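According to Swiss-Prot:
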{"type": "BINDING", "residues": "Glu265, Asp297, Glu310", "note": "divalent metal cation binding site"}
{"type": "REGION", "residues": "1-136", "note": "region 'N-terminal domain (NTD)'"}
{"type": "REGION", "residues": "158-250", "note": "region 'Central domain (CRD)'"}
{"type": "REGION", "residues": "260-364", "note": "region 'Nuclease domain (NUS)'"}
{"type": "REGION", "residues": "414-481", "note": "region 'C-terminal domain (CTD)'"}
Amino acid sequence: MLPWELARFSIVKDEVLPHFATNEDLDLANEIISLFKAGKKLGEIDEEIEYLEKIYDHKLVRAFVKLLTRLCEFELDSPIPPIQIRRELFKYGPVLDEKEREDIIQKVSKKLGADIMRFVFSDLDEEKKIIKAPTISAEDLIRWYNLSLLQTLLFKAYKLTVYVSSNWKEIIRRAKWLGLMYFAYDKPLRFEFLGPATLVKLTEKYGRNLAVLLQFIISSQNWKIEAELVLGKKFKRVYKLKLANFKELKELVIDEKRFDSSVEEKFYKDFTNVIKGWKIIREPEPLVVDNRVFIPDFLVEKGNLKVYVEIVGFWTKEYIKEKLDKLKKVKYPILILLNEELGKEKFNGMNVITYKRKIDISLVYKWLRELENKYLNEVKVDYTISGDIISLNEIASKLSLPVEVIRKNIKIFPGYIFLKNYYVSEKFLEKLRNENFDNKSLKELVSAYGDYIVEVLEFLGYKLKWQGISDAIVIKDKKVN
């Protein structure tokens, strides 16, 4: 982004027209790039561009310099605050001759343990010395300028509508990471982001995050943006900005922090580490509610039980109202993790856990357990069986339910006997009844038949005589025919 005073645009009727740089500005870009050399101070460059400002648009000249400065590496910062160095020097008052000046410098240098004249003004921009000049082509500088200009204008946005034909999931994923407020619509697919101009606080951070998102929007094959900008000092007016598939924009990887540490990231890590048996999915598939696309922050699931999780952080009143309308129409359970500053009363009748700085994962786990217990008590268990041997584990796995739930809802099927953990067909059981398992090794029988044979042997009247902890001899109970 650029300082607002360097933004170049004109207004025609109610539309904002950005003044992008073009190939006609290549000579200027090359000339300014050539001024940035190792060993130079920024103050020297400022003096050298004065004549260029008289020939070219001074805003464009200053913007090029501003961007190139961000790519420079400067001499290391002072080990001592420069203001402290100046305070120590100025204690001695005005100096009238060179020898007295040198004596004072030596005294202060010795006291502070540093080459003070090297750092005395190092906190001033004009005194910063370049140790590594930027390596960038004039073409890339122009594209970067154009992207920065567009980002700067969008900082004044009240609303930004985005149309894309590809990578829309990536855009939404980034938007969530960046904490941007948005609405998604179907037919045609579009996203409506609330702009910084809708906020009364944190506009700087929000605006910068929206600028970061723009880089992902323009990476789509086909994209279009329509923005409503709020401009004017005394009298505010809303103007429109439209742009589609403009090629002279470039994403550059600059040393900047793209994403802040977020509540969402901490929640995801805590959930993964603490809550076992549940699977958490970040950015699940979108849900369509009344032709609006709703993409929850997370989906957590255990078997057939699905719960969507939405983290409500820094939202405006209007955004909350719109979101609530959608949340109430989603048919699956939704858990809302709510920043307590927003007020819980707005979410009456919904599943809400409040948080202050971070989400208490133990409260989430407790809520999920209560929901799971309620679900298991109300779930309708229906199943059929086929084959000779059917285990409860097999049925539970197919139904995505705990074995104990199946056990509480055992069904009786004609032609089958239910033992402790297995259904066995009567025909197969009769066949086994005709076998003689007397004096056989249990270990060998389990290996030949499977684990179910233990329960079958007990049903048929056999007993086990253990020969240690790992094997037993099967003995026919003489009382049983």
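Think of each number as a place in line: the chain as shown, counted from 1.
Note that Cβ sites are derived from N, Cα and C of the backbone, with glycine treated the same way.
Structure coloured by features recorded in Swiss-Prot.
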{"residue": "Glu265", "record": "divalent metal cation binding site", "DSSP class": "helix"}
{"residue": "Asp297", "record": "divalent metal cation binding site", "DSSP class": "coil"}
{"residue": "Glu310", "record": "divalent metal cation binding site", "DSSP class": "strand"}
For the region 'Nuclease domain (NUS)' (260-364), the mean pLDDT of the predicted model: 80
The region 'N-terminal domain (NTD)' (1-136), counted residue by residue under DSSP: helix, strand, coil: 74 helix, 15 strand, 47 coil
Neighbour tally for Glu265 (divalent metal cation binding site), based on other Cβ positions within 10 Å of its Cβ: 13
Cβ neighbours of Asp297 (divalent metal cation binding site) where a neighbour is any other Cβ within 10 Å: 19
